[in-house]
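Asks: Take this structure, written in structure tokens, and hold onto it; I'll ask about it next.
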Amino acid sequence: MTVDERAGGTALPAPAPPPVHRPATAVPRHVACVMDGNGRWAAQRSLPRVSGHRAAEATVIDVITAARSAGVEWLSLYAFSTENWRRPAGEVDSLMRLVRRAVRKHAPLLHARGIRCRFLGASDPRIPAPLARDIADLMTLTRTNRGMTLTVAFDHGGRGDIVEAARSLIRSGVPAEAVDERHFAAHLPYPDTPDVDLVIRTSGEQRISNFMLWQVAYAEWMFPPVLWPDFRAPQFAECLHAYRHRDRRFGGVAPHPNGETPP
């Protein structure tokens, strides 16, 4: 991963500010998924938690395929948070092995489909060196692809990203009175990433969980009750269909049918 790609900097474009009002387009440009419910899926079957994480791999590939087919340009998946390091060591070790296996297994397919892969976070020294190398290799392999951008939030924390952006902004020497949202966003990791349009959190839980806090500010949220290992392309398509009926106001109000803004 190059500094220009991942680290923020004023030379890189920042997302444009949202409009006051915009009906949802047919397909959201950027969809983010909080992949929740693996542990409960395993518990319901009297299996160890790692079995739920293992079963989740099929869902990940199914959703990537469905998003690509639907015309989604950016797909972000929340795989492992900075807080997840607090889980039992055995579970964390198993997760690291599963992620490495998945990266090595699916890299050729992702590249063949023209998917650009990025990892948001992935900087903790506790990440095993072989996995860190495989992640770097996958990003290098796919960096020029333009079919869809897949961002895996791995060892990610939204608050941490904001703190690091603030530090970067201070180091850049920008005067305080010159700082605005666009300046700040340019110092976030991958500042070319557009704001999230739709967040899907499976399992029915309704929490943000420190996920891409800056980018989800104006996102639409959906909370299908299905656990992530049981979530498939049809459920993903249902979320996209429901999104088309959302009226995205961005803090404003919808205009009257005659085009006037209500008082």
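Cβ coordinates are placed from backbone N, Cα and C, and glycine is handled just like the others.
Note: TrEMBL annotation is automatic and uncurated.
Quick paste of what TrEMBL says about this protein:
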- 1-24: region 'Disordered' (REGION)
- Asp36: active site (ACT_SITE)
- Asp36, Glu220: Mg(2+) binding site (BINDING)
- 37-41, Arg49, His53, 81-83, Trp85, Arg87, Arg201, 207-209: substrate binding site (BINDING)
- Asn84: active site, proton acceptor (ACT_SITE)
Asks: If you compare CA-to-CA distances from Glu220 (Mg(2+) binding site) to each of the recorded positions Gly37, Asn84, Trp85, Ile208, which comes out shortest?
Replies: Ile208
Asks: In the structure shown, with every protein chain counted, which of the binding-site residues Trp41, Trp85 has the densest set of Cβ atoms within 10 angstroms of its Cβ?
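Replies: Buried the deepest by this measure is Trp41.
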Asks: Would you mind ranking the binding-site residues Gly37, Gly39 by how many other Cβ atoms sit within 10 Å of each Cβ and giving me the lowest?
Replies: Gly39
Asks: Helix, strand or coil at Glu220 (Mg(2+) binding site), per DSSP?
Replies: strand
Asks: According to DSSP, does Ile208 (substrate binding site) sit in a helix, a strand, or coil?
Replies: coil
Asks: What is the Cβ neighbour count of Glu220 (Mg(2+) binding site) at a 10 Å cut-off, with all protein chains included?
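Replies: Total other Cβ atoms inside 10 Å, all chains included: 19.
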